[in-house]
């Protein structure tokens, strides 16, 4: 039976100093026989997805105390990718994932906490916390702040749903009036919570639920809804329960690595592919697998993408459905149930409640359940009032979306496509692979041939798009924006959104060793590996080269001879110390980013740091 980790600092006469300090934080002698549970929060006033988390940490702490534990809260950093987007701030987003994971390890191990409950929500915070949980492998429960309600606006007498991406598109398109652009901006993000589409934040929170590390409903239940309060209360109770079971009964089944097995990773990735979720999830799942020592690689994702159907399209892949609609249709479990009906899931998995997949589906699948509490939870919907305060409304949909033919979630027989919403491409441009969100690509663009127009920075590409230098038939190549080359692997939401605002999104492709926001749609191919800074062939592309993209065949190739490839490679190497670095880009790189670049791997390895010790 494992000893409580916290006993290192709370037991024995020699730890009088540590106990004195604990007592200064409010602990008493009676607390030293209780589990110390870290409340790992990520509250910040910078991020709408985290603006409401301060009081939620207090709520969870109070529940832990009532259940017989000692709660100790600390905060991680949290970057808002939307605010950091389109300027040098985006260089810091992905590296912050590693800092979050490291800072949690530092706090947990330095203070010998017994367990932790992670309160996350947005893009790099959830994966950073997941990496830490799998690294530390102590009892852990995840509960996120919840999705934002979609924005609503009346245009030409018709109410439409909007989100952050619409604000960017309307703001960049000179054909829209200032008044309309301002109205969109003011209505796009109406409440606290993670942006209302299936962007990276909501994708990761859904995958946390699919992995089994959070309670059912965690990925889709709105931040503003009163039902989400119960999710936090139940999570607080659960972390105390499983902590005691581990330390007092030697029950290891609730540890993160016991739950997030290879089979769980395959199920989570299957869910992601079936939704056409953010391509960033691939990056994060690969990184998490390495932390948890799980055998899960890019090749597994490639195989899954060829057999998992695309059963669900949510903004930005849909103009109709947002997270609130996904929840109404049964959410994560509703979609898993459709995959399970055609035997596309691994059933040998359990979740944080200790329930098997079959039991979870029987209880929480809205097409099967008789449980009135479950049915009531999935009726939770948006009220439509602006607020940054959680749990302020109790609106219920009048009915659930059980339409599996044309509804938000479709059955296998009514799939959008049968080869999934995400795909891995290989070729002489990307020998180790690259990623495309096929759910966001129009059918006419699944096979595309175009002429390269090459840029060595996102900023340079943005300028060219807005100055009408990018034309129909171009393949926009943005290189030296990978984990090492950026450094930091910037998201390319602005280039893809500007292409859309210029009505070029269906007539151009964009390829990069950088990555894309979950809000990206169109023929946007990222994570090209090896990246340019790691001697990848994307560094050898020149203006007007012909590039062939064939998504059905999973290929991406530069149409030049092998001799020409070798010649270009020779010329690049001749640049000496400057080889495989940008020739024309001027960018300040701080010491913090230089440190990240020194150890960063390419995207096919999850952009984790490779450290030899």
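Please read every residue number as a count from 1 along the shown chain.
Heads up, the Cβ atoms here are built off N, Cα and C, so glycines get one too.
Listed in Swiss-Prot for this protein:
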ACT_SITE  517  active site, proton acceptor
BINDING   81, 123, 124, 491  Mg(2+) binding site
BINDING   122, 195  [2Fe-2S] cluster binding site
MOD_RES   124  N6-carboxylysine
Check the binding-site residues 81, 123 for other C-beta atoms within 10 angstroms of each C-beta and report the one with the most.
123
Work out how many Å separate residue 123 (Mg(2+) binding site) and residue 517 (active site, proton acceptor) at their Cα atoms, rounded off.
9
The residue listed as 'active site, proton acceptor': tally of other CB atoms within 10 A of its CB:
31
Do me a favour and check the Cα-Cα span between residue 124 (Mg(2+) binding site) and residue 517 (active site, proton acceptor); whole Å is fine.
12
Given the recorded positions 81, 491, 517, which one's Cα is the least distant from that of residue 122 ([2Fe-2S] cluster binding site)?
81
Specify all same-chain residues, apart from the site residues 81, 123, 124, 491, whose Cβ lies within 8 angstroms of the center of the Cβ atoms of the Mg(2+) site, ordered by sequence.
79, 84, 90, 93, 94, 122, 200, 201, 280, 517
Binding-site residues compared (122, 195) - highest count of Cβ atoms within 10 Å:
195
Under 8 Å Cβ-Cβ from residue 491 (Mg(2+) binding site), six or more apart in the same chain: what's there?
81, 85, 90, 93, 280, 514, 515, 516, 517, 520
Including all protein chains displayed, how many Cβ atoms other than that of residue 124 (Mg(2+) binding site) lie within 10 Å of its Cβ?
29
